[in-house]
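Peer 1: I'd like to ask some things about the structure below.
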Amino acid sequence: MKAVIFAYHDMGCQGVQAVLDAGYEIAAIFTHADNPAENTFFGSVSRLAAGLGIPVYAPDNVNHPIWVDRIAELAPDIIFSFYYRNLLSEEILHLAPAGAFNLHGSLLPAYRGRAPLNWVLVNGESETGVTLHRMVKRADAGEIVASQRVAIAQDDVALTLHHKLCQAARQLLNSILPTMKCGDIPSVPQRESDATYYGRRRPEDGLIDWHKPVSTVHNLVRAVAAPWPGAFSYNGSQKFTIWSSRICPDAQGVLPGSVISVSPLRVACADGALEIITGQAGDGITVQGSQLAQTLGLVAGARLNRPPATSGKRRIRVLILGVNGFIGNHLTERLLNEENYEVYGMDIGSNAISRFLLHPRFHFVEGDISIHSEWIEYHVKKCDVVLPLVAIATPIEYTRNPLRVFELDFEENLRIIRYCVKYRKRVVFPSTSEVYGMCTDASFDEDKSNLIVGPVNKPRWIYSVSKQLLDRVIWAYGEKEGLRFTLFRPFNWMGPRLDSLNAARIGSSRAITQLILNLVEGTPIKLIDGGQQKRCFTDIRDGIEALFRIIVNEGDRCDGKIINIGNPDNEASIQELATLLLDSFDKHPLRCHFPPFAGFQVVESRSYYGKGYQDVAHRKPSIDNARRCLGWEPSIAMRDTVEETLDFFLRSVDVAERAS
């Protein structure tokens, strides 16, 4: 059986040798050129291949049509990937009749993605393993062929676990490859509900937070110990790296980051003390803990710190277009609560963000994105993360002004996306739950659910398809030109400053604002088509916390992902929302200032929205991606959200207006 192999690192060497030992013919090996900036402590696949007389290549882009054609000419029966760092295109995966198979360093479906070796140690796992699985378009998601478990000892560090995994991989391959060569290839589907995803790790991820539990800090030290970059902290402006440590008994009443003793060198964490066994000051040599304390000038009672402001690390610059909107102003507040963010914003008004205008890390320009293109391009280039939040997003406008919806929601935002591509900036783009349209799934899955819309003569769908098309364009830019992106899909976020009662007066507001206006003015609450449409209402605080975590993007887990942000537990019909709102209104201390309740009125959607409208019976999100990528769960009950939203709007009504 003829094989083409994609391989790198020690695992790549083990895989190549195992394939040869199993009697396969290797037509060619594809690998990577070593990066001079990387500590190449591992074996060289290219040297191994050259020594064996096997053709070896290291193309910059193996998925280029030229290389796809060359691989096709090799006519492989089977393809193997052993720690090759790039995803293979579907064109390559389909070239081998027997299939393409990848060796992954975890027990799938757990720890899909990058650096599973390090992540299992960071998370304090007691077991991991290696898995050979069939390759499909989604990384690490194909059917499992075979796996082998590896116990993680308490004294294991990254390098010792790496050696264990290499040994386990060789045993696994020696066992399964002869069977596969005979055409017997087991296939067990992965359980998606058990899948977890992790992104790549960077050297800066080794920064120690002494306010974490001591086991967490110790596990970080284990996970990135040499030859990885190491866990580090600061004494003043002096950086030092901890190469080995142990957990000590509780350090009661000691502030985290405080030096408890210098011989041995022990530092307080949230619930105990970390003893530093070996470490290194700056670029110096590795020494034992007490000598490190002497080198750093530490004494008992000294406080270790995070990197000083003068260390040269600048704040993350976030550009928010539509900063005065509902999401924009709440997100600005969340970002400014963190010291390491600076916010640049543009909008056509500033009423919702007036509380930030004098903030030293908030920079606002009043303007229109369709006019001020030069300002926008300059600030896309200047900033690190871009959020184009400007959109017409109220249903009545879809039928009133479909062309304006398309021009703003698609054309203007496409220009911004192209700036992000041009300057290689990360974009966090607001898709919408509307893209699912009339999907019939019980809950809408970002990666599986079909996006179903109505006929062309229903302009109500112009918003949905504009957003969906932009989602697809962004995805294509990510695939073809390396755009870093995350698409997030809000599901009926509610809260203070959602919009305004004036917007509701002209019919251009969200549902709850329109209902509140009816209560304030003593007009009947209109239930469109009886108000039986179900939605999952999400508190703005829950939504913004998820969005903030997307911006933080720990471990790059959100790159290239679509993430629903909604609360499946808060599902209610519009009629149920109106009833809950009325109950809260009757109990509110300002109730006496407003007219009597005028009752409910059932109206047809055609008479309210126009002939181009078409409604959706339900809209419920799957939030598995949010759980995996963000570690996020919504927690705020719908009643709490309704009461807070109502209170905000009632207190915004002028006293004179109440009396009238």
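Placement of Cβ uses the backbone N, Cα and C atoms for every residue, glycine included.
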Peer 1: Which one, R114, R170, is listed by Swiss-Prot in the same (6R)-10-formyltetrahydrofolate site as V136, K137, R138, A139, D140?
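Peer 2: It is R114, as the record lists it for that site.
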Peer 1: Going by the NAD(+) site in Swiss-Prot, where D368, I369 are listed, which of the candidates D347, D441 is also part of it?
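Peer 2: So the NAD(+) site in Swiss-Prot includes D368, I369 plus, from the candidates D347, D441, D347.
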Peer 1: Inside 10 Å of the Cβ of V136 ((6R)-10-formyltetrahydrofolate binding site), count up the other Cβ atoms and send me the figure.
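Peer 2: For V136 ((6R)-10-formyltetrahydrofolate binding site), the 10 Å Cβ neighbour count is 15.
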Peer 1: Let me make sure I understand the structure: which of the binding-site residues listed (R114, R138) has the fewest other Cβ atoms within 10 A of its Cβ?
Peer 2: R138
Peer 1: List the Cα distance (Å, whole number) between H104 (active site, proton donor) and D140 ((6R)-10-formyltetrahydrofolate binding site).
Peer 2: 7
Peer 1: For a quick check of packing: other C-beta atoms within 10 Å of the C-beta of A139 ((6R)-10-formyltetrahydrofolate binding site), how many?
Peer 2: 16
Peer 1: Which has the fewest other CB atoms in a 10 Å radius around its CB: D140, D347, D368, E434, the listed recorded positions?
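Peer 2: Output over recorded positions D140, D347, D368, E434: least Cβ neighbours within 10 Å is D368.
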Peer 1: Among all the protein chains here, how many other CB atoms are within 10 A of the CB of R619 (active site, proton donor)?
Peer 2: 21
